[in-house]
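If you check TrEMBL, you get these features:
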type	residues	note
DOMAIN	42-294	domain 'ABC transmembrane type-1'
DOMAIN	399-641	domain 'ABC transporter'
TRANSMEM	41-66	transmembrane segment
TRANSMEM	78-95	transmembrane segment
TRANSMEM	157-177	transmembrane segment
TRANSMEM	183-201	transmembrane segment
TRANSMEM	263-284	transmembrane segment
């Protein structure tokens, strides 16, 4: 962590309610949940039955109490109403329980569908949209923001729909007794169900948006603290990082307290409207009873039934707050996926892919293999591996860069004038000082970020115009900070290809230089890695990532510092083996390294350095290892220093 960012409170000018962008984003992400109408109808129906049971309980109980006070009350009438009271009382609890199950099932399935779709869209896009985001922000958007859409279904859509249906039904019921009483009840319901929530939205919007910002800051700060605790301790900044994290948590708590005020105001309005409805029912019903237009027992219904009718409106203020929160969350989520137009195009593409997959499944193609299948799950490498992964387009694995200029989105040009060609059977190495753009070059060649200028083609076609899925099956990059998941070694390798068998995985680990470690591991390939599993050194982590890359069906490999964190001898052996793999004809290998001793096996070495004016980086020399040693003084000197001190 280069610096600790302080959380500052800013006055942000916001829309009084929701912006058009948030409304469109909310509709778009709601559609991405693929909710089934049957499940939604079931949840709504159970919610309506819950409130109907509550209203029925109040109506029948009020009628029974009033009727029992009369001398001419019949025992049979009271017995029947007593049974109805029990029925509605039990039904209210039962339907509430079933409604909770149904509504949460709808939300959980919808959130799973949404998160799956988000990952599919992100996997097919360049990293331009997330390049400037910290990991904590990405985690917050794909985690909490997606969950917020599920909360929108449970806490906003369902309560509003259920309240509207039951409120309308209650007003119709009152109309049979007194149209004027029905009108006053409708006005009181509108006061509690519309005016109250609308008054809360403005302040709730400010508080919720600020809380979301603080929550993202909390995720980013916690991630930084966990990942960089040793470095912070050495530099003496661990206490400062903890204080910053505590400060963010305090800000979040203060914002939660601020967000609770609108709910209190709405609760007051709801209670006021309910009391007003009760009072109006009494004032309207009493003259009707005195004039003989209304049976005196039914007066109790007009007075007491609103107490249950307003049970639904009590949920509308939290629904309004959740609407604001979910609107902001979906706006950030759509922004992460590249904007509304990009998401719409991606959804159309996903729909076509799903239709094609369903069509293929309904009309399977039987392939008669010439050899016996590998029952262990191991696959042949090279071109055979590539055919086992479905791809919409057969791409010739030839990557060509001409006069390429590279740089991160929104940043300056890092390097320019890069020309290279990578194909199976060719091994390339890129060397140079740290921070001059070697990793940026790999990200660009792998199609993860767009080049600034120049041409970059794969199989003769512009790389940016090829679907991401097809690019990923042709070229794979192992980044320096690629993630090791908290699961088994085997499952970490299967990230590249999900049908890697145990036999093949063991061979890949040996090829990556992890054979000895695997033998010593307590459970072999089933050993759990990560925070609660086996601890990994930097070198071991890199080699597991390398095994993952080797498991990929891609014919072209781009590797970022595969020998880092290893001792010199082991690093040279690993780099040499990788370059030899590239020259075998099955794969093409392009690797970035700071070590020169093992580059004798490379077909070509590109030396990157900044220009004399200190501007952008360019390739200052290229050739075989022997040629560079002979004619490039800086290269020769670096090699001598490496042999002397490393």
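Just so you know, glycine gets a Cβ as well, placed from its N, Cα and C.
In this chain, the transmembrane segment (157-177) lies apart from the transmembrane segment (263-284): fewer than three C-beta pairs between them fall below 8 angstroms, excluding pairs fewer than 6 positions apart. Residues 78, 81-82, 84-85, 88-89, 91-92, 95-96, 98-99, 102-103, 105-106, 158-159, 161-163, 165-166, 169-170, 173, 296-301, 303-305, 307-309, 311-312 of the same chain lie 6+ residues outside the transmembrane segment (41-66) yet bring a C-beta within less than 8 angstroms of a C-beta in it.
Away from its own ends, the transmembrane segment (263-284) comes close to residues 178, 180-181, 184-185, 188-189, 191-192, 195-197, 199-200, 204, 299, 302-307, 309-310, 313-314, 316-318, 320-321 of its chain (Cβ-Cβ under 8 Å, at least six residues beyond either end). Confidence over the domain 'ABC transporter' (399-641), given as mean pLDDT on the 0 to 100 scale, stands at 85.
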